[in-house]
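A.B. asks: I'd like to ask you about the structure that follows.
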């Protein structure tokens, strides 16, 4: 390849002229090839005519070469004008005659006008040369790259607020002939930290910030503010020619300061230093201006009648397997749940700005945030690109919005995502810092829904960032980025013969080990008439699973076996371009539609988290391989590959293929690990299984007191087993052993906490103060209650004791005993209910006397039933009912006449006489609270000879069943 300059003399002349042009504020022609100084005006006039009048069809490179020569002549003319200006200004200073001064002033005015005309002509000619430089079928012209300062390109802002100090940071931009624009900070370069002080000193600069290496192989970087006035942009072409072999590009720069910054960076890079220009990306995504949104959600995203909105994501077509997209995110969640993998949380870092959790109200529980932009708050702060100030909110929603909370939407990775919102600037220096800090905070996946483009020829300025990205990947991070929304090919090439190169670098997509995501048509246009709705992109856009009209693409190989690799510098995979998101400052009304590869990218980041959750020991390459090689290669009916969509994400296949490697699996769903349960509850053990081709043979449960080595409290069988009452206190372990027909034995355990409810006991019979005989069988009755034993406490937990004897005389809440052989006189009778964790007791005093020939009577209340709950009828502010009192009284001596007396007491009160007789009808009970009260009903029988005997029951009256 040839480079500009015919001789050393011509090179020196060129540099002098270019330097003079810069000093005079002209546009700059870099890569100038001068003709000899003997060429006259007639030569350049004829050349100009040929440029605009001749037919250059098929020879655009020849025309571009002619433009190079013609522009050289224009700069010579400009230099001659400036020399004349210098001479006239010298003459003006040397004369004192007013008439001569006036004449010279008129000549200077004419020269100024000529100079302005020449500058305008140079500007137009540069732009015409740029148009000529457009490659035809990828053919580049063997001519030097041309950089010039022009007015047709400008940065998206003149400056951004200071990040490492109060001073604002000026911006510049450049564009190629196709109109692709790159933005950069016009006074900043990124250098290796050990060289920062020397480079800063050379350019009267200041080290603004440093990034220490936190990973093996990661470079130590510094951000240096330089004085661009020290640069000579005339030297840029020679530096640039040493750094790249690309040819034929015409690049317009927005300001002389910007071109000076490129010169400083190129000078240091040509000297052998690793230099980065601090390129600035922009958030991707077309904002949602085309849908009438509602707080409940837009129609058209389900196959329900009329496409009605559903709050269940299992109905959303861009999430479920059964839709025309067929992606299967929700089904992948189900598989992970069945396999017990949802507890494997995977850190996802969302690098962006404009996170508004309060307005969105759908960020995941426990999400974290951090900022790498000076003192800027991570949350509730506008992002640093004014065109998308709330961009981070819908991006985070797409990857990790909270699930099953009755609000907003749900992110693809929500069930397993440990989400970190990382507020960052969109430049590369901040991006590396954000990746480092996000990784330290726990992010294993980083999503970058922003990016930029630079022309090939400046690819050397990406070197520090290439190395940093590679080190982050090697340290275990999956890096995911949006392909862009310019409907462009990220892999456009230019060639001279067999020598080819890409015309630009789309970053971060094409940085080392970054997984680049394009946008897939999610569904038909919202109004299927593309003539009325230009945003639909024409009839082709009506077909799901094709490229969304705005998405960038990459090359797609014709070789079926060559589907690329995760490190391939192209658009690796495609995911939904249009998604639904929750409220944000730019659209606070509710769930609405948004579109762009900015949302395809976090869609994939969330799926990557699902894949990683199958086996957290996987490396980033394993995760990307599961996404990539389990993706769906789109083909038409004849089997021909889609020329634009290389690969479609397949979440269900990506997840299931990894589960097949680590399963069969079983997962205990209930009881919940770590949960607390109280006595009175019953647990129905339940588990799920992921078979991975094997069939379940048996599922056996053991419930242990303490850990799994503790005593077995109960056993059950089945994936859903019969209920187990909660009894006891402290830790209990549920262990499931599942056996499969392939010989696999899989176990799962959960530990739960039981909360004991202490028992209560009330001694009902005999009554306190009773007189008993030593020759009768005495009935012992107590009410023993424990929530752990809703059917009644076991007999061995209810024990009766006489006086201070530690040995029980009987067990059970309804039993009998003889006091034969017991000393006559006063005794105490005590009943104790003990569930093994707590106890309660009640006692009475009684007198034991010698029994005679006449045996005492006995009595049993048959109505009301002990423990019965009765519901009353509302009367005014009270609830009232009537109850029949009935008892069976017997006596071994038929001659005895029995007397039955009834007494009743409301809870907390004393017994009151109700009446006499074996039966009393319609006894009224009355309460003034819906929750009711408990009544004690006692019947006492006397035969006139022996001591009385009694029976007692408890009955509850309530207002209604539910109060």
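Glycine is treated like the rest: Cβ placed from N, Cα and C.
Note that TrEMBL annotation is computational and uncurated.
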A.B. asks: Would you please say which range out of 523-545, 546-568, 569-591 has the annotation region 'Disordered' in TrEMBL?
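C.D. replies: That would be 546-568, per the region 'Disordered' entry in TrEMBL.
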A.B. asks: What three-state class does DSSP give residue 598 (active site, charge relay system)?
C.D. replies: helix
A.B. asks: Averaged over the domain 'Peptidase S8/S53' (381-623), what pLDDT does the predicted model reach?
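C.D. replies: Mean per-residue confidence for the domain 'Peptidase S8/S53' (381-623): 84 out of 100.
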A.B. asks: If you draw a 10 Å sphere around the Cβ of residue 352 (active site, charge relay system), how many other Cβ atoms fall inside it, taking every protein chain shown into account?
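C.D. replies: Residue 352 (active site, charge relay system) is surrounded by 30 other Cβ atoms within 10 Å.
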A.B. asks: Would you kindly give the Cα-Cα distance separating residue 391 (active site, charge relay system) and residue 352 (active site, charge relay system), rounded to the nearest Å?
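C.D. replies: So the alpha carbons of residue 352 (active site, charge relay system) and residue 391 (active site, charge relay system) sit roughly 7 Å from each other.
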A.B. asks: Please classify the secondary structure at residue 352 (active site, charge relay system) using three-state DSSP.
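C.D. replies: Reduced to three states, the DSSP call for residue 352 (active site, charge relay system) is strand.
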